[in-house]
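I have placed the structure first, in the form of structure tokens, so that the comments after it can refer back to it.
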Amino acid sequence: MAVKYELIKECKQSGARLGRLHTPHGTIETPIFMPVGTQATVKTMTPEELKEINAQIILSNTYHLYLRPGHELVEKAGGLHKFMNWNKPILTDSGGFQVFSLGDLRKISEEGVEFRSHIDGSKHFISPEKAIEIENALGADIIMAFDECAPYPADREYVKNSLERTTRWAKRCKEAHRNPDTQALFGIIQGGMYKDLREQSVAEITALDFPGYAVGGLSVGEPKPLMYEVLDYTTPLMPKDKARYLMGVGSPDCLIEGAIRGIDMFDCVLPTRIARNGTAMTSVGKVVIKNAKYTEDFGPLDPNCDCYTCRNYSRAYLRHLYKAGEILSGRLVSYHNLYFLLNLMKDVREAIKADCLLDFRKEFFERYGYDL
Ligand code: PRF
Ligand code: ZN
């Protein structure tokens, strides 16, 4: 088996899990946040910088790499790790979610999804078998099954059909997978916001016995309390001896709430995307660096952060870079935001160790507020 999850302990106060995920490219301490490197790069960050801030695993996207530069090219380069000079663990998402996000540009059938490229409009078809072929060529440590993520809101009938198709596709993915000894294929649970459908999906997907499981179909526009409610009844049904990954979730409050509900892995473009728009996540809440109030603020971006950006640059300088359209602005704020989230997860792991994650949540929310 390519990956093995080791449960170290559960927080006595919250039930959150402290664990380790052993992969062919090293061991990951969980709960963990995975920076997103959609196109074989975490935008603006070099692999050396990612290592400096203790990123343990990054995520990349099948859909994007298939379209450009092509999975055959990445395979020729020696695989994704070698191609992008990152020798730590990588997870690839299957393209299911990205393709479904294309809206009018795609057509779903039992066989797979036909879509037009967002780059040049060319026609393509991705089936579960094709998604796995691409993921096998890319060579990530963890690969995701090809699923259908229902939109929100969606009626019961629609969600039921899409979760049942996701199960049939998961079976086809498992059969198509060529490298189970070096790449772990994770199953994805769907079922929208319906309790009985989530139960059905967990039962069907876990029956296929994957080495890990993701909760998909959340953070798709529903209110946060609804997402927490779905997690409340979904995670207790998932096997305790396998990693649990909440897909596309990455605001600080959701990371803490997810960990409390037994999630081990998270990913999100939020920290890097908002960084390029000049927004920082800090220990005292959101800082929108373009605001005039920072014009003469010569203090650090986050008074409680010791990252490279906060040790060396002021809010006034970062504001100037942003206003002047300088590339360094996006780099420095991305560096800080990722450092902040990775550090938050480290604090979460420490709080689980000390059985006080609910106390930690209270303190964090009092300081941070609820604004992201
Ligand atoms: N499925 C896949 N990738 C995803 C999602 C999903 O449901 C989500 C949902 N937030 C993000 N990324 N394959
Ligand atoms: Zn910082």
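Heads up, the Cβ atoms here are built off N, Cα and C, so glycines get one too.
Summarising the annotation, TrEMBL assigns active site, proton acceptor to D93. Here D93 (active site, proton acceptor) comes close to L59, S60, N61, T62, Y63, M144, M247: these same-chain residues lie at least six apart in sequence, with C-beta atoms under 8 angstroms from its C-beta. Reduced to three states, the DSSP call for D93 (active site, proton acceptor) is strand.
The annotation active site, nucleophile is assigned in TrEMBL to D267. D267 (active site, nucleophile): 23 other CB atoms within 10 A of its CB, across all protein chains.
Look at TrEMBL and you will find D93, S94, G95, G96, F97, D147, Q190, G217 tagged as substrate binding site.
Under the heading Zn(2+) binding site, TrEMBL lists C305, C307, C310, H336. DSSP classifies C305 (Zn(2+) binding site) as coil under the three-state reduction. Using a 10 Å Cβ-Cβ cutoff, C305 (Zn(2+) binding site) registers 19 neighbours.
What TrEMBL records for 14-368 is domain 'tRNA-guanine(15) transglycosylase-like'.
Remote same-chain residues near the region 'RNA binding' (248-254) are listed as 33, 97, 218-220, 224, 227, 266-271, 281, 340-341, 344, 364-365, 368, 370, 372 (criterion: CB distance under 8 Å, separation of at least six residues from the stretch ends). For 248-254 (among others), the entry in TrEMBL reads region 'RNA binding'.
According to TrEMBL, the feature region 'RNA binding' maps to 272-276 (among others). If you look at the region 'RNA binding' (272-276), the same-chain residues 6 or more away from its ends with a CB under 8 A from one of its CBs are 35-36, 42-45, 330, 333-334, 336-338.
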DSSP helix/strand/coil residue counts for the region 'RNA binding' (248-254): 3 helix, 0 strand, 4 coil
Inter-residue C-alpha distance, G217 (substrate binding site) and C305 (Zn(2+) binding site) (nearest angstrom): 33
Residue pair D147 (substrate binding site), D267 (active site, nucleophile) - Cα distance, angstrom, rounded: 17
Chain-internal residues, separated by at least six, CB under 8 A from C307 (Zn(2+) binding site): I53, Y335, H336, Y339, F340
